[in-house]
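Here Swiss-Prot flags Ser24 as active site, schiff-base intermediate with substrate. Annotated active site, proton donor per Swiss-Prot: Tyr57, in sequence order. The feature substrate binding site is assigned by Swiss-Prot to Thr56, Gly72, Ala73, Ala74, with sequence analysis given as support. Annotation comment: Swiss-Prot describes Ser24 as pyruvic acid (Ser).
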Amino acid sequence: MRFMLKSKLHMACVTDKNINYEGSIEIDEELMNIVDLKENELVLIADLNNGQRFETYVIKGKPGSGTISLNGAAARLVEKGDRIIVMSFGIFNDGEYSGPKVAILNEKNQVIHLK
């Protein structure tokens, strides 16, 4: 069994942040579905602007909204407009892994390429 990349939103743009919320990353539900992210799933975030890497969990955002909002303590690690990578990993048996679901996004969090 191996720990492999399962889902990735590449170049997502932070649309909002809320330090006073209990935590999480709110992601447009349509984007979640495209890369197979589930509510409350653990994700690793890498901020391309400042190099920060941290973990949080996913909550659903309004479908079609383009929302990428960091909440709670994680909100202190990003700024609106930062470009981030959202990654989720899974444990797979040899032979069952077919690669990650990857969506590359533009500055409005619209999908420009699927891998």
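Cβ coordinates come from backbone N, Cα and C, glycine included.
For Tyr57 (active site, proton donor), the nearest of the recorded positions by C-alpha distance turns out to be Ser24; the candidates were Ser24, Gly72, Ala73, Ala74.
Contacts of Ala73 (substrate binding site) defined by a Cβ separation under 8 A and a same-chain sequence distance of 6+ are given as Ile19, Gly23, in order along the sequence.
Counting only the Cα atoms, the space from Thr56 (substrate binding site) to Ser24 (active site, schiff-base intermediate with substrate) is about 5 angstrom.
Cβ neighbour counts within 10 Å, taken over all protein chains shown, single out Ser24 as the most crowded of the active-site residues Ser24, Tyr57. Least packed by the Cβ count within 10 Å, out of the binding-site residues Thr56, Gly72, Ala74, is Gly72.
Other than the site residues Thr56, Gly72, Ala73, Ala74, same-chain residues with C-beta atoms no more than 8 angstroms from the centre of those residues' C-beta atoms, the substrate site, are Gly23, Ser24, Ile25, Phe54, Leu70, Asn71, Ala75, Arg76, Leu77.
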